[in-house]
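**Student:** Pasting the relevant annotations from Swiss-Prot:
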type     : residues     : note
DISULFID : Cys22-Cys67  : disulfide bond
DISULFID : Cys35-Cys59  : disulfide bond
DISULFID : Cys54-Cys90  : disulfide bond
DISULFID : Cys57-Cys66  : disulfide bond
DISULFID : Cys81-Cys104 : disulfide bond
MOD_RES  : Gln21        : pyrrolidone carboxylic acid
SIGNAL   : 1-20         : signal peptide
Amino acid sequence: MKFLLGTLVVLATFVTLCNSQCYFIPNQSLKPNECQDLKGVSHPLNSVWKTKDCEECTCGQNAISCCNTAAIPTGYDTNKCQKILNKKTCTYTVVEKKDPGKTCDVTGWVL
């Protein structure tokens with residue numbers, strides 16, 4: 001019972017910290033069983049795919065929904081540091097602007 005309670009507390013904390021960045025594209029495809037993304041690529045209805053920009057998209061009846069899958073760093077010195085997205089691993093690193101070989105402290109991440 002304690003294990004179950006502990007698991008629920010961790011899950012609730014994780015859900016509270018999540019703040020996905022999503023957007024919707026109205027489905028303007030002339031075909032009823034597919035969606036067309038902004039690049040003109042057709043996707044079957046109810047399909048899910050990942051983009052090269054670290055987004056996961058879903059083709060729905062009325063729209064395509066896309067959400068960011070890379071955790072975005074927050075709580076770092078934006079004057080001194082910059083975030084860099086590695087599109088191969090869908091992860092950010094935060095480095096000094098003047099010396100990109102040095103990493104910066106990050107106090108939070110938002111998904």
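Glycine residues also receive a Cβ, built from the backbone N, Cα and C atoms like all the rest.
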**Student:** Write down the Cα-Cα distance for Cys66 (disulfide bond) and Cys35 (disulfide bond), rounded and given in Å.
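**Tutor:** Rounded to a whole number, the Cα-Cα distance is 13 Å.
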**Student:** Do you know which of the disulfide-bonded residues Cys35, Cys54, Cys66, Cys81, Cys90 has the most other C-beta atoms within 10 angstroms of its C-beta?
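**Tutor:** Answer returned by the neighbour count: Cys35.
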**Student:** I'm trying to understand the geometry here, so how far is the Cα atom of Cys104 (disulfide bond) from the Cα atom of Cys90 (disulfide bond), in Å to the nearest whole number?
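**Tutor:** Spelling it out, the Cα of Cys104 (disulfide bond) and the Cα of Cys90 (disulfide bond) are 19 Å apart.
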**Student:** Can you check which residue among the disulfide-bonded residues Cys22, Cys59, Cys104 has the largest number of Cβ atoms within 10 Å of its own?
**Tutor:** Cys59
**Student:** Among all protein chains shown, how many Cβ atoms are found within 10 Å of the Cβ of Cys67 (disulfide bond), not counting that one?
**Tutor:** 14
**Student:** So which disulfide-bonded residues out of Cys54, Cys57, Cys59, Cys66, Cys67 end up within 10 angstroms of Gln21 (pyrrolidone carboxylic acid), measuring C-alpha to C-alpha?
**Tutor:** Cys66, Cys67
